[in-house]
Amino acid sequence: MMLLLFLLLIRAADGESSEKVCSYQDVLNHLNLTKDNELFSMTRPIKDYKRSTEVSLELLLYAILDVKEIDQTFVPYVWILMKWQNDYISWDPHDFCGITNVSLPTGVLWKPDLTIEEMIEKDKAPPSPHLTIDYNGTVFVQNDQVLVSTCRMHVYKFPFDTQSCTLSFKSVVHTVTEIRLVHHWSSSETTEWSRELMRTQYEWLFLNMKVTNKSVTTFGAEQDMIIYTISMKRRPLLYIINFLLPVFFFLCLDLASFLISDRGGEKLSFKVTVLLAVTVMQLILNEILPSSSNRIPLIAVYCIGIFGLMLLSLLETIVVMYLMEKDSAPQDDETDGDQSLNTDCGGKRGKASVSWCEGGNKKWNPCVCICDVAADEATPAELLKGSSSQLTEEPNALVKLSDELKDVVKTLILLLNSRKEEEKPGYWTKKTETINKAYFIFYITAASLFLVFMFFNWTHA
């Protein structure tokens, strides 16, 4: 009994030691799958040519690298997963120690010739060097690609815009009877997987991905096409802070310039400076937006509208300054005439507005000078000195001096009154005040209505 048990243990040990060892090469040898075997690489892997090859295509968005509005290009980083059936590949996993799949170089097997219609630049990243085959003949390929594709941008609502870019997959030469393109994941599943995979979006926020199938006719041949539509929304905060708010602040500065006096050139130079600042902002905007847009973007209307309001404000200031100059021109002529009269009065400029004549009589002289009737007539100062000396000599000298001082005071009052009359605003100056008030009201009303119009269009257009 013990001997029998011992023999059984020895046989069990020999069975374990003689367990079958398998390798991937055994599978390849079984399939006769080599690089030189044209059966696997030359033609479509189908035993009946009338039957089409069904290619399953799935796309996942990994990152939105760049969106160039001026070039109208979209640069995503995507994962492309494809699988199809090869009729010449099959084995029983039980015959090969449970091996169910094998990895091979991509050049060994035939692959569908799929292309992306919107692609304008060849992917610089090398494709995946391997593919996987299953025991039932399913071939699976996964590629990571950085695609540079064309995308028509709609920048009407920039920077509050939403863009939709498409990636259209189809065969280059095979018709619908040879290759059928299908997808197994719905739009919601593709969107959910992409959101979980998403690593970076930069200034764009990924919204969703829509998957559709359609047939197209190319040079008379019908082909299957799968279209992936990627929707994304711009993050506008950076543009609001760096562009929209500065332009609005320039509008506020131009509005505040109404508090500056119209006399002098300070107000005019200030308005020109603010206008030039808005022009610089427009040049920056021109470098961002595409020139091929069918509709004028709202942000361009925003800049043009504010520029137009500032331009009207500048023109109003020029007109007001011109009208004020019309009032000052006659006053300058009168001043020149007074100076000539003063020079002609006795051959020397007077400094008082009283003419002292013979007999001590005083009269108002409009030429604002002291006109000597006689060459040896005394000046007012000399008369005052003479009167002071006469106080000791004549009893009635004090009364005479008092009368003279009263006349001088009356003359000074007349001088002050004439100066006030000269300082009163002229006709055109009064008109400019009315113009300023009317334009200020118009400016505030027009700016408010314009800003409300822009806000409504940006939020509801």
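Positions of Cβ are set from backbone N, Cα and C atoms, glycine also.
Features as listed in TrEMBL:
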DOMAIN    41-236  domain 'Neurotransmitter-gated ion-channel ligand-binding'
DOMAIN    245-329  domain 'Neurotransmitter-gated ion-channel transmembrane'
SIGNAL    1-15  signal peptide
TRANSMEM  237-256  transmembrane segment
TRANSMEM  268-285  transmembrane segment
TRANSMEM  297-323  transmembrane segment
TRANSMEM  438-458  transmembrane segment
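Sequence-distant contacts of the transmembrane segment (237-256) (same chain, at least 6 residues past either end, Cβ-Cβ under 8 Å): 158-159, 203, 271, 274-275, 277-278, 281, 284-285, 299, 302-303, 306, 309-310, 313, 443-444, 447, 451. DSSP labels the residues of the domain 'Neurotransmitter-gated ion-channel transmembrane' (245-329) in these numbers: 68 helix, 0 strand, 17 coil. In the predicted structure, the domain 'Neurotransmitter-gated ion-channel ligand-binding' (41-236) carries a mean pLDDT of 91.
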